[in-house]
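Here is what TrEMBL says about this protein:
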type     : residues  : note
DOMAIN   : A:64-426  : domain 'ResB-like'
TRANSMEM : A:66-84   : transmembrane segment
TRANSMEM : A:123-145 : transmembrane segment
TRANSMEM : A:214-232 : transmembrane segment
DOMAIN   : A:443-519 : domain 'ResB-like'
TRANSMEM : A:466-488 : transmembrane segment
Amino acid sequence: MKHVKCECGHVNPHGTILCEACGKPIAEETTDKLVDMRYEGSARRSQTYNKTVIDKIWNFFSSVKVGIWIIIVTLVASAVGTIYPQEAYIPPNVTADEYYQKEYGWTGELYYKLGFHHLYESWWYLLLIAALGMSLVICSLDRVVPLYRALKKQSVTKHPNFLKRQRLYSTSSSWTDQDYEHVKSMLKKRRYSIREENGNLLAEKGRFSRWGPYVNHIGLIIFLLGAMLRFVPGMYIDEVLWIREGETKVIPGTNGEYFLKNHRFTVETYDKDSESAVFQEAIDRAGNNKVAKKYEADVSLYKREGKLIPGADPKLKKIKDSEIRVNQPLKFEGYAMYQVDFKLNEFSSMSFHLTDKNANRNVGSLTVDLHNPKETYDLKNGYKVKLMSYFPDFFFDDEGNPNTKTRVPNNPAFVFKMITPQHKKGEVAFVGIRENLEPLGNNDYKMTFAGVETKNVTGLTVRRDYTLWFLGIGGAIFMIGVIQGMYWNHRRMWIQKVNNEIWLAAHTNKNWYGLKKELNGLLESTSLTQLKDQNDKETK
Amino acid sequence: MDYASISSNLLYVAFIAYLVATFFFGGAIRDKRAAQKKTKWATFGIAVTIIGFIAQIGYFITRWIASGHAPVSNLFEFTTFFGMMLVGAFIVIYFIYRLSMLGLFALPVALLIIAYASMFPTEITPLVPALQTNWLHIHVTTAATGEAVLSISFVAGLIYLIKTIDQSKRNKKAFWLEFILYTLISTLGFVAVTLTFNAAHYESSFNWVNKSGEQEQVVYHMVPLVGPHQSEWTDGNDIQPLIDMPAIINAKKLNTVIWSLGGGFVLYWLIRLILRKRIGAALQPLVKQVNSDLLDEVSYRAVAIGFPIFTLGALIFAMIWAQMAWTRFWGWDPKEVWALITFLFYAAFLHLRLSKGWHGEKSAWLAVGGFAIIMFNLVAVNLIIAGLHSYA
């Protein structure tokens, strides 16, 4: 590859715009326009090569213009996804194709047909994010290496053409050596690092802020990679656990290692009488006991000891008692359990009397555990009740037969066989909520409803997410980079003797106002000419 | 006096101080002696602003004591806090650049925001379980601070546009500048209309049929120009709506929007008839002393300062909290998405500035666009799109 030798003697890589050492514009044009200081005029790969397919892809993604377009397209696409709720947020009991049409008319239908109801999971949205990642990596690499070279190789003595085409610039024809020394010491005081060469001076500070953008881009890349890690098996577990009061259940996703017992689940609401006076008005507006105050599950965490033997009850060792509340998940061994849902007053058991209809006399009573019913209830003295069928969530199916919708006792119904001294073979009764049928003719006995017990159920989410560390590190690096780049700036000042004059020039990557104020403050007590902003056409 | 009433009195004090300070800054820029140097007017202006700011911090602290949680838990509290941080950001930027002009525009914007906030229920609300954590104040205050600093960029950009846009003939840019000013005036319209109807205790109830065909009730606090689907008056002031809306549209909110835009329209034309020119044209001579490059610099600097704060508060802290409260750090909830959009927009802004050299006017328009997105996220996402964040 051709190298370009500058008149100062420095050999620059092919494609350099401003000599890395002295700053002389390589492709010399005689113009008074300010030099383009972006990336120090260094040779960027994308501006230099364009031959192979890789060059072409590289060049495409290395363009900040392309990057900005990707950002804007992502922005617009993201906005489109908020016009109607995403599929994840629609009510669970309707299907998406009905919901959008019914709720939002033809626009909703169109939204659904275009797939915008799961826009953020769509292939093209993921492709956009991938393109953004590509752009981040290539844009950064294309610039950071040559920029590093250029800043490292810069020399103190600059080409006059470089100096006079800086935005802040001045010439002074009379000065004293004291002026020079004064400015130098003041610059030192302001923490500029000073390099001198043949009576010329380069003062520089905050160069590290130039790396801010690249640091934050690295952070973003780590973050995006972290988000992709979720698809690696074992990195991410997301399970649901519904658990009733008094129940002990294995925690899904833990390979049968951990068990959870729910002692009690409570919901508290804001009550006018017990809350302090400042909340009265707000409670009045929302309604008394209408606003939730606390969702809490009282639980114990157990660990299984020994091997898992199918059929046998596992041996459990208690690890800890804990409360799980919203915002206060239970954490153990990389897992976290969150309070997310609940069901109050689920039927847990029902009690019945066996009643002699003729004598109107109860001859015994029984309680059916709705989650674990027995087959036979022996009421002594020749009385016995057999549970022939049990429908926890009773309904009549398409064929008109009794059936159950779910395993949850929302609407329990039973077929009992009542065995009594009079009826040794038993009488059959169908008992449900507010239903008592005698399908095989008139009976002498009946099952009378005696009471019901309810329990609360808590809905927990079980999470284990090993990607969080990655995301956290990515986020932290991003913040460091963005602060490094935004809250500091890279300032340089050149003092150079050119043809019996002293030339001052200064450059910063941002905050020109601050730089000008700082440097002109230093120059105030000297006979050197104040720096002028050559961009400013308003002030004279 | 209890903390709650001390708190609301302090907010009044702050409001009035900001109003007074605006006039001082108005005096400061009329002072021909110097555009950017210290004048007595400007010193008074910034002093009164700081007094107002301290009063509002007092409001914030006393309300925190009264309720036991950081007062950033509903729309009124959040928006008021945002207004406060806008003033805070202005004070900081003022001491960097000593630009009185900024006060003349930043304070009225803050006043509008606080007035707008006060139109929503102002009582102290107890916290629902999802909000009961320190992340409430960590996340919300940082996000609001970031947005407030970014808004200073809008204020500087707006002054830039007022100064540089050619007002001598009709053109697209002058039109859009008027549109921005009209939007600001419409906020005033909303406040004025709401206060008027509140003072008159206007209330009327309607039965209406929702999209599932069920009957519902709605109470209007403004004269119904548009009524809900198949509305039927039941109680209160007996004024019938001019027209009923289809069931898909929230007629009550639309009615408020129509009233606000209408109120803004009347105010706008009233001002314009008095001035006998476009408002932008009338403001132009006031701002001609300010250096355009300085305005551009302030606008950019505000983004440079605000962007990291915003990212930290509205994305990173938000994710940490979301992971704790909702089990996932990101769920594509509308508010989350709009925070991401704001982030992407300012990222594009910074790249355009650094790489494509979008300085001056282009940059000023972008600053306006960014503020529009922030306002959209504050107002529309809460009131219209409504997701997990619609506590207000």
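Cβ atoms are placed via backbone N, Cα and C, with glycine included.
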Mean predicted confidence [pLDDT] for the domain 'ResB-like' (A:64-426): 89
Within the domain 'ResB-like' (A:443-519), residues counted as helix, strand or coil by DSSP: 29 helix, 37 strand, 11 coil
Chain residues outside the transmembrane segment (A:214-232) and at least six past its termini with a C-beta under 8 angstroms from it: 129, 132-133, 136-137, 139-140, 143-144, 465-467, 470-471, 473-482, 484-485
Residue numbers, six or more beyond the limits of the transmembrane segment (A:123-145), whose CB comes under 8 Å of its CB atoms: 39, 44-46, 58, 61-64, 66-67, 70-71, 73-74, 77, 211, 213-214, 217-218, 220-221, 224
